[in-house]
Amino acid sequence: MKNILNRLINHETLSKQEAKNMLVNISNGSYNPSQIASFLTVYMMRNITINELAGFREALLELCIPIDLSAYNTIDLCGTGGDGKDTFNISTLASFVTAGAGIKVAKHGNYGVSSISGSSNVMENLGIKFSNDPIFLEKCIDQAGICVLHAPLFHPAMKNVAPIRKELAVKTFFNMLGPMVNPSFPKNQLVGVFNLELARMYSYLYQNTKTNYTILHSLDGYDEISLTGNTKTITNKMEGMLKPEDFGVNLLSQTDIQGGTTIQESAQMFVTILSGKGTEAQNNVVCANAGMAIATVNNLNPIQGFELAKESLLSGKGLETLKKLQQLSL
């Protein structure tokens, strides 16, 4: 580790294999917490390279506990987090709305690190059972249309890193990796990232896979469609720019999509919105993200996806999905 840290301090970069080896060694407990924290800090001070990101990703996927959901045409809606915006849980809400519209969802998530309440914090608060049992997860997909893949249960290799990330409480390269290491290897992905450079890296890595994907970055910094401005999109077919009017809605302000200040408040807000009792702004931003997921899977244009998402939300189908998952979790 000393040699690697000295090289990194001297502004050198790692090869893909070196990056992979580092993560494997971290997972094996080869380094102490101070060394791991120093290693993570390097990537807060300079941009990660494509080779480094690819190596880290390869290590995590090789070390993960895989779950076979290949019988289903699933999508994961997942953002990197780390955008510093503290929105409510938009991608998790959009996941339930997407499932309510009949699309199978394999939602990969974790506890919040740089935010107050991550996807797993809200799911746990609402009584959703975390499991890596394939029979239980298939049952969830079959009966509720969605399963929740709580990252620590599938990435035991990262147990040495979790407490350090929590103590640092800022985004690290693990934020960048989260959406890329879904252990069910979904056929479709809607991925939000916190900057344009990372969007390009994701595109470069995803174009060498069979994944049907849409990568999103709102130009004012959000790792999702925020409707507070335009959103850059990169798919396996094209690049584009989404405007709020592409969904037939008005521009929002940042305060319209602010999250709760506690996990409890975030969970209450989650249920309120999923019950169709959210503000128009909250409904629109959830349906824009769910709509893009639906459009990605079914090859539709954004407004077609948006209308299907809105029908799922306002008819109560999204809420019914949550209730089914809660019942299965008992």
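Here the Cβ of each residue, glycine as well, is placed from N, Cα and C on the backbone.
The anthranilate 1 binding site feature in Swiss-Prot is assigned to G79, N110; the stated evidence is sequence analysis. In sequence order, S91, P179, V191, G192, V193, F194, D223, E224 make up the list of same-chain residues 6 or more apart from G79 (anthranilate 1 binding site) whose Cβ falls under 8 Å from its Cβ.
The Cβ of S114 (5-phospho-alpha-D-ribose 1-diphosphate binding site) lies under 8 Å from the Cβ of G81, G82, G84, A169, V170, K171, N175, each on the same chain and at least six residues away in sequence. Under the heading 5-phospho-alpha-D-ribose 1-diphosphate binding site, Swiss-Prot lists G79, 82-83, T87, 89-92, 107-115, S119, citing sequence analysis as support.
In the structure as shown, the Cβ atom of S91 (5-phospho-alpha-D-ribose 1-diphosphate binding site) sits within 10 Å of 28 other Cβ atoms. Per Swiss-Prot, the feature Mg(2+) 1 binding site maps to S91, E224; the stated evidence is sequence analysis.
Among the features that Swiss-Prot reports, anthranilate 2 binding site is placed at R165. Cβ contacts within 10 Å of R165 (anthranilate 2 binding site), excluding its own Cβ and spanning all protein chains shown: 21. Annotation note: R165 (anthranilate 2 binding site) sits in a helical segment as assigned by DSSP.
According to Swiss-Prot, the Mg(2+) 2 binding site annotation covers D223, E224. A sphere of 10 angstroms centred on the C-beta of E224 (Mg(2+) 1 binding site) encloses 31 other C-beta atoms.
The Cβ of T87 (5-phospho-alpha-D-ribose 1-diphosphate binding site) has 21 neighbouring Cβ atoms from other residues within 10 Å, across all protein chains displayed.
Shown are the binding-site residues H108, N110, Y111; the one with the most C-beta atoms within 10 angstroms of its own C-beta is H108.
Annotation note: T87 (5-phospho-alpha-D-ribose 1-diphosphate binding site) sits in a strand segment as assigned by DSSP. Reported as a whole number, the C-alpha separation between R165 (anthranilate 2 binding site) and H108 (5-phospho-alpha-D-ribose 1-diphosphate binding site) equals 18 Å.
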